[in-house]
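To start, the structure under review is shown below, and the notes come after it.
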């Protein structure tokens, strides 16, 4: 009898998001279209901000960082998922699994803090427009950006290292389309209570605190908007804030749903769909919501197209 290779024994198995049916092949095609649109939209956003001097402001610098995070986030998940489906393989090495956990938590965690920084930027711009360049100066903007990346990376490094140190003496089959921390913790054959408590603390720091700052900022913005005399200005502010809050709510809500539940909860298909929202769909929504509807971005795009043509 042929002995299985060592790599086969230690590799994890990802069950994936889709089965091999015509309907699911169509859904995969839709995901790949969304993936391509996300890469193109976020790349275009970064190029426009870099090339147009009118977009060299704190708000657009933060937007460029959000686009970079979204590009990296969707690239961490979708290519591996699509490759496994198309080649009919499901394995992922422990190193690959650890890399996915680290990158996902770094980018998703960083984006949580960055969204909070962006909401503060909008709060200052709308509530204190005359003091905007003082309160939202380049040094503070740089601190907020670097802090977002470092806090996300610290969380990713600690969780990825700890999870891979657990013994997996039974099943290595992950009922997911990528390596996500809660899914692997359920497979560990060790006492993970301390780590689960640590994960809850991380969730409070990385999710609930930034979300509270976002809600507080937009509440103060709303109070200011309601005092505006111009109905056109109120309508514009309401439209902008509601669309921003919709995307923020989708991103934070989906992650909180997955990460702040006990280990005893058994994941199902609905969990995969929820995870797809913050790994596949929000990266393509962000450039649409934050950028395409913006007159300055549209002007920069027209100017760039005229030069190109």
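Including glycine, each Cβ sits where the backbone N, Cα and C put it.
Looking at the stretches 121-139, 140-158, the one that TrEMBL records under the feature transmembrane segment is 140-158. With a cut-off of 8 Å on Cβ pairs spaced 6 or more residues apart, the transmembrane segment (60-81) and the transmembrane segment (140-158) reach 3 or more such pairs and are scored as touching. Within its own chain, the transmembrane segment (237-261) is flanked in space by residues 108, 111-112, 115, 119, 122, 126, 180-182, 199-200, 203, 207-208, 210-211, 214, 218, 221-222, 225, 228, 271, 274-275, 277-278, 281-282, 285-286, 289-290, 293, which lie at least six positions past its ends and keep a Cβ under 8 Å from the stretch.
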